[in-house]
Amino acid sequence: MENIEYLNEIQAVAGKLIHSYGVPVMITLFLRWLASIVAVFLMILDQTKWKYSNNIMASLLAPYLFSSLPIVIFQVLRNGVGKWIALLTVILRLFLPNHFHESLEIPGATILLIVVTPSDIGAIFRDDLRYTGGDVCLLTSFYLINKHTKACGGIKNSFTQKDKVTYSICLWILFVYPILSSFAALFYL
(Lines of atoms letter the chains of each structure in order from A and count residues from 1; the text may use other names and numbers.)
(Lines give C-alpha, C1' and ligand atoms only; values in the text may rest on other atoms or scores of the structure.)
Protein backbone atom coordinates (compact mmCIF):
# COMPACT_ATOMS: atom_id res chain seq x y z
CA MET A 1 0.00 0.00 0.00
CA GLU A 2 2.89 2.35 0.72
CA ASN A 3 4.30 1.76 -2.77
CA ILE A 4 1.11 3.09 -4.30
CA GLU A 5 1.29 6.22 -2.13
CA TYR A 6 4.86 6.87 -3.28
CA LEU A 7 3.82 6.43 -6.89
CA ASN A 8 0.97 8.89 -6.37
CA GLU A 9 3.39 11.40 -4.85
CA ILE A 10 5.84 10.97 -7.73
CA GLN A 11 3.01 11.41 -10.20
CA ALA A 12 1.86 14.59 -8.44
CA VAL A 13 5.38 16.04 -8.43
CA ALA A 14 5.88 15.18 -12.11
CA GLY A 15 2.54 16.79 -12.93
CA LYS A 16 3.52 19.98 -11.09
CA LEU A 17 6.88 20.11 -12.86
CA ILE A 18 5.32 19.64 -16.27
CA HIS A 19 2.62 22.19 -15.50
CA SER A 20 5.08 24.83 -14.29
CA TYR A 21 7.87 24.32 -16.85
CA GLY A 22 6.15 22.73 -19.82
CA VAL A 23 6.65 19.51 -21.72
CA PRO A 24 9.44 20.71 -24.08
CA VAL A 25 11.57 21.89 -21.17
CA MET A 26 11.11 18.61 -19.30
CA ILE A 27 11.98 16.59 -22.41
CA THR A 28 15.10 18.70 -22.94
CA LEU A 29 16.08 18.28 -19.30
CA PHE A 30 15.62 14.50 -19.50
CA LEU A 31 17.61 14.31 -22.74
CA ARG A 32 20.41 16.43 -21.22
CA TRP A 33 20.75 13.97 -18.33
CA LEU A 34 20.54 10.99 -20.68
CA ALA A 35 23.13 12.40 -23.10
CA SER A 36 25.52 13.15 -20.24
CA ILE A 37 25.17 9.66 -18.82
CA VAL A 38 25.71 8.18 -22.28
CA ALA A 39 28.80 10.36 -22.87
CA VAL A 40 30.30 9.23 -19.56
CA PHE A 41 29.39 5.63 -20.43
CA LEU A 42 31.16 5.91 -23.79
CA MET A 43 34.17 7.49 -22.11
CA ILE A 44 34.36 4.57 -19.68
CA LEU A 45 33.63 2.00 -22.38
CA ASP A 46 36.43 3.34 -24.54
CA GLN A 47 38.94 2.59 -21.78
CA THR A 48 37.83 -0.99 -21.14
CA LYS A 49 38.71 -4.23 -22.91
CA TRP A 50 35.15 -4.47 -24.23
CA LYS A 51 35.72 -1.87 -26.93
CA TYR A 52 35.95 -2.96 -30.53
CA SER A 53 38.68 -2.09 -33.01
CA ASN A 54 37.22 1.30 -34.00
CA ASN A 55 38.55 3.98 -31.68
CA ILE A 56 35.74 6.51 -31.23
CA MET A 57 38.06 9.35 -30.21
CA ALA A 58 36.76 9.68 -26.68
CA SER A 59 38.69 12.94 -26.36
CA LEU A 60 35.88 14.57 -28.36
CA LEU A 61 33.49 13.65 -25.57
CA ALA A 62 35.20 16.14 -23.22
CA PRO A 63 33.83 19.29 -24.95
CA TYR A 64 30.50 17.50 -25.45
CA LEU A 65 30.27 16.84 -21.72
CA PHE A 66 31.38 20.39 -20.94
CA SER A 67 28.53 21.91 -22.92
CA SER A 68 25.82 19.35 -22.11
CA LEU A 69 26.46 18.38 -18.49
CA PRO A 70 23.42 19.09 -16.27
CA ILE A 71 23.77 22.27 -14.25
CA VAL A 72 23.70 20.49 -10.88
CA ILE A 73 26.63 18.22 -11.72
CA PHE A 74 28.46 21.05 -13.49
CA GLN A 75 28.27 23.31 -10.43
CA VAL A 76 29.38 20.53 -8.07
CA LEU A 77 32.37 19.77 -10.29
CA ARG A 78 33.14 23.45 -10.81
CA ASN A 79 33.17 24.26 -7.11
CA GLY A 80 34.49 22.03 -4.33
CA VAL A 81 34.73 18.46 -5.51
CA GLY A 82 35.99 19.22 -9.00
CA LYS A 83 38.80 21.43 -7.73
CA TRP A 84 40.09 18.63 -5.51
CA ILE A 85 39.85 16.10 -8.34
CA ALA A 86 41.64 18.51 -10.68
CA LEU A 87 44.37 19.10 -8.09
CA LEU A 88 44.89 15.36 -7.61
CA THR A 89 44.95 14.87 -11.38
CA VAL A 90 47.63 17.52 -11.83
CA ILE A 91 49.72 16.24 -8.91
CA LEU A 92 49.56 12.64 -10.11
CA ARG A 93 50.31 13.61 -13.70
CA LEU A 94 53.24 15.88 -12.83
CA PHE A 95 54.93 14.14 -9.95
CA LEU A 96 53.91 10.50 -10.32
CA PRO A 97 53.52 9.93 -14.07
CA ASN A 98 54.19 6.20 -13.75
CA HIS A 99 51.22 5.83 -11.38
CA PHE A 100 48.84 7.89 -13.52
CA HIS A 101 46.97 5.34 -15.59
CA GLU A 102 46.43 6.07 -19.26
CA SER A 103 42.68 5.54 -18.95
CA LEU A 104 42.43 8.55 -16.62
CA GLU A 105 43.74 11.02 -19.20
CA ILE A 106 40.44 12.00 -20.82
CA PRO A 107 38.28 12.09 -17.65
CA GLY A 108 41.00 14.13 -15.95
CA ALA A 109 41.14 16.53 -18.89
CA THR A 110 37.35 16.87 -18.78
CA ILE A 111 37.39 17.78 -15.08
CA LEU A 112 40.23 20.24 -15.71
CA LEU A 113 38.24 21.79 -18.56
CA ILE A 114 35.21 22.20 -16.31
CA VAL A 115 37.16 23.66 -13.38
CA VAL A 116 39.59 25.94 -15.20
CA THR A 117 37.35 27.52 -17.85
CA PRO A 118 36.53 31.16 -17.03
CA SER A 119 32.92 31.88 -16.11
CA ASP A 120 32.28 34.09 -19.16
CA ILE A 121 33.39 31.44 -21.63
CA GLY A 122 31.55 28.76 -19.67
CA ALA A 123 28.36 30.82 -19.84
CA ILE A 124 28.68 31.15 -23.61
CA PHE A 125 29.02 27.40 -24.09
CA ARG A 126 26.59 26.27 -21.43
CA ASP A 127 23.71 28.66 -20.93
CA ASP A 128 22.17 28.57 -24.36
CA LEU A 129 22.25 25.34 -26.33
CA ARG A 130 20.71 27.07 -29.33
CA TYR A 131 24.00 28.75 -30.15
CA THR A 132 27.57 27.78 -29.34
CA GLY A 133 27.01 24.88 -26.93
CA GLY A 134 24.48 23.26 -29.20
CA ASP A 135 26.83 23.61 -32.14
CA VAL A 136 29.63 21.91 -30.21
CA CYS A 137 27.32 19.04 -29.22
CA LEU A 138 25.88 18.68 -32.71
CA LEU A 139 29.20 18.79 -34.56
CA THR A 140 30.89 16.43 -32.11
CA SER A 141 28.10 13.88 -32.21
CA PHE A 142 27.79 14.11 -35.99
CA TYR A 143 31.53 13.52 -36.43
CA LEU A 144 31.47 10.54 -34.06
CA ILE A 145 28.46 8.99 -35.82
CA ASN A 146 30.03 9.55 -39.22
CA LYS A 147 33.31 7.93 -38.18
CA HIS A 148 31.52 5.03 -36.49
CA THR A 149 29.23 4.41 -39.48
CA LYS A 150 32.13 4.43 -41.94
CA ALA A 151 34.12 2.04 -39.74
CA CYS A 152 31.15 -0.34 -39.56
CA GLY A 153 30.50 -0.24 -43.30
CA GLY A 154 27.15 1.54 -43.18
CA ILE A 155 24.23 2.21 -40.89
CA LYS A 156 22.76 -1.25 -41.39
CA ASN A 157 25.98 -2.95 -40.30
CA SER A 158 26.33 -0.68 -37.28
CA PHE A 159 23.01 -1.95 -35.93
CA THR A 160 23.28 -5.59 -37.01
CA GLN A 161 26.75 -6.48 -35.72
CA LYS A 162 26.35 -7.34 -32.05
CA ASP A 163 29.63 -5.79 -30.89
CA LYS A 164 28.75 -2.41 -32.42
CA VAL A 165 25.10 -1.99 -31.40
CA THR A 166 25.90 -0.42 -28.03
CA TYR A 167 28.13 2.21 -29.60
CA SER A 168 25.56 2.91 -32.31
CA ILE A 169 22.70 3.46 -29.88
CA CYS A 170 24.81 5.64 -27.59
CA LEU A 171 26.12 7.77 -30.44
CA TRP A 172 22.62 8.29 -31.83
CA ILE A 173 21.43 9.42 -28.40
CA LEU A 174 24.29 11.92 -28.36
CA PHE A 175 23.18 13.11 -31.80
CA VAL A 176 19.46 13.35 -31.03
CA TYR A 177 19.89 15.46 -27.88
CA PRO A 178 21.11 18.73 -29.50
CA ILE A 179 18.60 18.42 -32.34
CA LEU A 180 15.59 17.89 -30.08
CA SER A 181 16.75 20.53 -27.62
CA SER A 182 16.99 23.08 -30.44
CA PHE A 183 13.46 22.18 -31.55
CA ALA A 184 12.25 22.46 -27.96
CA ALA A 185 13.89 25.89 -27.74
CA LEU A 186 11.53 27.06 -30.48
CA PHE A 187 8.59 26.51 -28.13
CA TYR A 188 9.82 28.87 -25.44
CA LEU A 189 11.00 31.74 -27.60
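Just so you know, the numbers here start at 1 and follow the chain as drawn.
The backbone N, Cα and C atoms fix where each Cβ goes, and this holds for glycine too.
If you look up Swiss-Prot, you'll see 1-24 (among others) marked as topological domain 'Extracellular'.
The topological domain 'Cytoplasmic' annotation in Swiss-Prot covers 46-55 (among others).
Secondary structure of the topological domain 'Cytoplasmic' (101-104) per DSSP (helix as H, G, I; strand as E, B; remaining residues coil): 3 helix, 0 strand, 1 coil. Annotation source Swiss-Prot lists topological domain 'Cytoplasmic' at 101-104 (among others), citing sequence analysis.
DSSP assignment over the topological domain 'Extracellular' (126-168) gives 32 helix, 0 strand, 11 coil. Among the features that Swiss-Prot reports, topological domain 'Extracellular' is placed at 126-168 (among others).
Swiss-Prot lists 25-45 (among others) with the feature transmembrane segment.
The transmembrane segment annotation in Swiss-Prot covers 56-76 (among others), and the record cites sequence analysis as its basis.
Through the fold, the transmembrane segment (80-100) approaches residues 108, 111-112, 114-116 of its own chain, all at least 6 residues removed from its boundaries and within a Cβ separation under 8 Å. Positions annotated as transmembrane segment by Swiss-Prot: 80-100 (among others).
Among the features that Swiss-Prot reports, transmembrane segment is placed at 105-125 (among others), with the record citing sequence analysis. Within its own chain, the transmembrane segment (105-125) is flanked in space by residues 43, 46-47, 58-59, 61-63, 65-67, 69, 74, 77-78, 82-83, 85-86, 89-90, 93, 131-133, 136, which lie at least six positions past its ends and keep a Cβ under 8 Å from the stretch.
Under the heading transmembrane segment, Swiss-Prot lists 169-189 (among others).
Within its own chain, the topological domain 'Extracellular' (126-168) is flanked in space by residues 28, 35, 42, 45, 52-54, 56-57, 60-61, 63-64, 66-69, 71, 74, 174-175, 177-179, 181-182, 185, which lie at least six positions past its ends and keep a Cβ under 8 Å from the stretch.
If you look at the topological domain 'Cytoplasmic' (101-104), the same-chain residues 6 or more away from its ends with a CB under 8 A from one of its CBs are 47, 89, 92.
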